[in-house]
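Peer 1: What Swiss-Prot records for this protein is below:
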BINDING   K46, G53, R54, G55, E99, T102, E107  ATP binding site
BINDING   N199, D213  Mg(2+) binding site
BINDING   N264, G321, I322, V323  substrate binding site
DOMAIN    9-244  domain 'ATP-grasp'
Amino acid sequence: MNLHEYQAKQLFARYGMPAPTGYACTTPREAEEAASKIGAGPWVVKCQVHAGGRGKAGGVKLVNSKEDIRAFAEQWLGKKLVTYQTDANGQPVHQILVEAATDIDKELYLGAVIDRSSRRVVFMASTEGGVEIEKVAEETPELIHKIALDPLTGPQPYQGRELAFKLGLTGKQVGQFTKIFMGLATLFLERDLAMVEINPLVVTKQGDLICLDGKLGADGNALFRQPELREMRDPSQEDAREAHAAQWELNYVALDGNIGCMVNGAGLAMGTMDIVKLHGGEPANFLDVGGGATKERVTEAFKIILSDDKVKAVFVNIFGGIVRCDLIADGIIGAVEEVGVNVPVVVRLEGNNAELGAKKLADSGLNIIAATSLTDAAQQVVAAVGAK
């Protein structure tokens, strides 16, 4: 679950990390009043969406008058911002962040992720702030400095100082950076984050460090013990189908193709998408119904898949290990009857009670194509789309 920049900076402040004075505003009038609270300009106004690339898309602007602030707010509030990280529809802008402008001398990068290979929280710092860290990693990886946190001792000040020296910081900046590092690491661990990024972390003309931007991603599996973060969720920034699927404990990701996929198990789901592509098809989604699939969840999964107007056929690929194929068959039959499926449905069942499941599908009298193998299923669903 991602947070907005203004929410990230609210958390930064509580962990002793410096950020520009700013206010999140929902109306043009609020935006003007925020400028008055901050004091003399110039100011920076930023659209609040869960996507990068806002500046290039016109969603971040340096302004010198309150009239410009009002004009920016009127231009964007209630509209959608399209960046290289969004789809063609963009994401809705419901808040504008108004901040005091900062005199920048140098831009740095500081971020952290969970490194699955080392099973540690790893901090990354670079002198190449203000640009995509992925680009830096690809072109000049030697400019990224890493520190892994020991899960027993947690973050240590010496690690912050070590990174500060590698970034070329001196004097009071070393202490300031160490404080930011310790605050960010504590925030990461206490709030069950999956990713955090300060890009850029700037050195001002006065020689001080300030968190100019903030990006936080919380671990969705830990939200049950993070009630404050749950309250910060902005459903408007999420795909409506993905949000609805999450309520049913379905892992759904919308894609751009026209073959809906319903599979149990993330690995099998990815393999299913691969074999659809191999035979010339385009998956419309990733959907994992999980190991504990019920008739109700399968029915809901069908509804979610078919809510996408692009879907011209549905591929159901079930391996019965924990889940019984006959129960999945009941769910498929119930969904087809309840939803009124008007597109071809190709089903491949294998494993626990697969024969019973296949018999139920055959006896249902519905227009469901039973496949004999994974390859056969992929070929049939691609052919079904081509025939429409």
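The chain as shown is numbered from 1 upward.
Placed from the backbone N, Cα and C atoms, the Cβ positions cover glycine too.
I'm curious about the neighbourhood of these features; can you describe it?
Peer 2: E99 (ATP binding site) falls within a strand segment according to DSSP. In this view, E99 (ATP binding site) is surrounded by 22 other Cβ atoms within 10 Å of its Cβ, with every protein chain counted.
Secondary structure from DSSP puts N199 (Mg(2+) binding site) in a beta strand. In sequence order, Y109, L110, G111, G129, G130, I133, D213, K215 are the residues of the chain that are 6 or more apart from N199 (Mg(2+) binding site) and have a CB within less than 8 Å of its CB.
The Cβ of V323 (substrate binding site) has 23 neighbouring Cβ atoms from other residues within 10 Å, across all protein chains displayed.
Across the domain 'ATP-grasp' (9-244), the prediction's mean pLDDT works out to 94.
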Peer 1: How big is the gap, in Å, between the Cα of G321 (substrate binding site) and that of G53 (ATP binding site), rounded to a whole number?
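Peer 2: Between the alpha carbons of G321 (substrate binding site) and G53 (ATP binding site) there are 43 Å.
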Peer 1: Of the binding-site residues R54, G55, E99, T102, E107, which one has its Cα closest to the Cα of V323 (substrate binding site)?
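Peer 2: Closest by Cα distance to V323 (substrate binding site) among the binding-site residues R54, G55, E99, T102, E107: R54.
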Peer 1: When a 10 Å sphere is centred on the Cβ of N264 (substrate binding site), how many other Cβ atoms does it contain?
Peer 2: 25
Peer 1: Around G321 (substrate binding site), how many other CB atoms lie within 10 A of its CB?
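Peer 2: Step by step: centre on the Cβ of G321 (substrate binding site), count other Cβ atoms within 10 Å, giving 13.
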Peer 1: Please report how many Å separate the Cα atom of G53 (ATP binding site) from that of I322 (substrate binding site), as a whole number.
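Peer 2: Rounded to a whole number, the Cα-Cα distance is 43 Å.
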Peer 1: Tally every other Cβ atom lying within 10 Å of the Cβ atom of I322 (substrate binding site).
Peer 2: 13
Peer 1: Based on the record's binding annotation for substrate (N264, G321, I322, V323), what whole-number value in Å is the widest Cα to Cα distance?
Peer 2: 10
